[in-house]
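Structure first, then comments.
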Amino acid sequence: MKEKVVLAYSGGLDTSVTIPWLKDNYDVEVIAVCVNVGQEDDMDKVKEKAVNSGAAKIYVEDVKEEFVTEYLYNAIKWNATYEGKYLLGTSFARPLIAKKLVEVAHKEGAKYICHGCTGKGNDQVRFETAIAAMDPYIKIIAPWRLWNIDSREAEIDYALSKGVEVPVTKEKIYSEDWNLWHISHEGGDLEDPKNEHKEEMYKCVTPPEEAKDEPAYISIYFEKGVPCKINGEELEPVKLIEKVNKVAGENGIGVVDLVENRLVGMKSRGVYETPGGTLLYEAHAQLERLTVDKDAYHYKQVLALKYSELVYDGLWFTTTREALDAFVDTVEENVTGTVKLKLYKGNMKVSSVESENALYDEGISSFGASDLYDHKDAQGFINLFSLPSKIKAMKKLEKK
């Protein structure tokens with residue numbers, strides 16, 4: 001009986017060529033696993049393509065709701081952003097995909113898991129670290145670190161020689177990753193930072209200059225940091241993300257073009273469309289400013305940098321990540337309320353923020369008199385607050 005290899009399968013270029021390559025080089029039975037995290041693919045066609053490419057079996061795992069509730073909710077609570085711009089769409093999906101690969105490997109009695117990640121990318125680290133955390137005895141096959149195919153063009157040639165249909169051409173050669181949270185575009189002419197990216201590549205965001213000529217308003221109700229309602233309507237988790245993606249996207253919200261520092265040491269350029277995430281982050285951040293006390297708010301900003309880096313690096317199945325998420329759940333206890341945003345041609349403006357848990361008090365914050373705050377109290381506070389600075393200055397003067 002042949003050994004079984006579980007393959008992380010998307011139907012894209014990298015995994016399209018992996019099935020025949022595995023059969024040619026390892027003489028194994030390939031079990032393809034496509035994890036549906038919201039990519040806009042026809043899953044029946046994905047199944048057909050896997051079988052036509054030589055897979056013995058194909059699993060399609062629909063995990064969109066789990067992706068939202070167990071991963072993206074955490075992203076929103078943290079406003080998790082890598083290096084100030086990247087909303088971690090790929091990074092949050094990888095541990096869930098790895099989890100499903102391990103589950104299928106156990107079900108099939110497979111000793112090997114194969115992925116189509118390139119030897120220069122972050123995903124190879126994310127997948128293999130996650131798999132090792134769940135089953136340290138599963139062996140990894142990583143074709144990009146083994147074969148002599150050294151470019152997208154060569155990969156296409158190999159696929160065509162094996163009769164495998166590929167979704168890209170040598171002219172249109174972007175590598176794309178699509179899920180419910182984002183779509184990324186890398187490779188091709190984007191590899192030269194001098195090249196302006198082409199807006200024709202957009203899949204879910206309307207170019208701002210082509211967006212609606214009238215502003216749109218959207219209100220989001222959060223409960224303990226989690227979005228629950230859009231314009232007063234309660235929606236299921238997946239439907240809510242789809243709704244905000246649509247509204248933000250048609251108003252030109254959510255595209256970033258960035259150069260990032262990869263985990264493996266090099267810099268890379270990508271264009272990311274994250275319409276709904278960009279909108280939800282802005283609304284959530286505004287509500288936090290109203291409802292979270294100063295010390296917790298400031299400490300969360302510091303930890304958010306670490307959390308985002310941890311997720312980017314693929315360290316999801318770790319004690320640190322679990323502990324940080326426990327912390328943010330406590331911080332978010334009072335982050336309940338409604339934020340209304342005005343959207344217009346790629347711009348967002350806060351229209352209103354309301355919460356029963358608001359720590360802002362107009363009576364205290366106004367310039368008028370207040371029973372809780374006497375202007376005269378400020379003098380004593382300033383004297384104490386500035387005391388270290390005064391002492392330091394006095395000591396300097398004594399030495400002159």
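Heads up, the Cβ atoms here are built off N, Cα and C, so glycines get one too.
For Gly12 (ATP binding site), the number of other Cβ atoms no farther than 10 Å from its own Cβ, over all displayed protein chains, is 19. For the recorded site, Gly12 (ATP binding site), the DSSP three-state label reads coil. Per Swiss-Prot, the feature ATP binding site maps to Ala8, Tyr9, Ser10, Gly11, Gly12, Leu13, Asp14, Thr15, Ser16, Gly116.
DSSP assigns Ser175 (L-citrulline binding site) to a strand segment in the three-state reduction. In the structure as shown, the Cβ atom of Ser175 (L-citrulline binding site) sits within 10 Å of 18 other Cβ atoms. Among the features that Swiss-Prot reports, L-citrulline binding site is placed at Tyr86, Ser91, Asn122, Arg126, Ser175, Ser184, Glu260, Tyr272, with the record citing sequence analysis.
For Thr118 (L-aspartate binding site), applying a Cβ distance below 8 Å and a minimum sequence separation of six or more within one chain yields Asp14, Gln124, Trp144. Per Swiss-Prot, the feature L-aspartate binding site maps to Thr118, Asn122, Asp123; the stated evidence is sequence analysis.
If you measure from the Cα atom of Ser184 (L-citrulline binding site) to that of Asp123 (L-aspartate binding site), you get 13 Å. Looking only at the binding-site residues Asn122, Glu260, Tyr272, the one with its C-alpha closest to Ala8 (ATP binding site) is Asn122.
Apart from Ala8, Tyr9, Ser10, Gly11, Gly12, Leu13, Asp14, Thr15, Ser16, Gly116, the ATP site neighbourhood in this chain, defined by C-beta within 8 angstroms of the site C-beta centre, holds Thr18. Of all Cβ atoms in the shown protein chains, 18 besides its own fall within 10 Å of the Cβ of Ser184 (L-citrulline binding site).
Candidates Ser10, Gly12, Ser16 (binding-site residues) were compared with Glu260 (L-citrulline binding site); none lies inside 10 Å Cα-Cα. The two recorded residues Asp123 (L-aspartate binding site) and Ser10 (ATP binding site) have their Cα atoms spaced 14 Å from each other.
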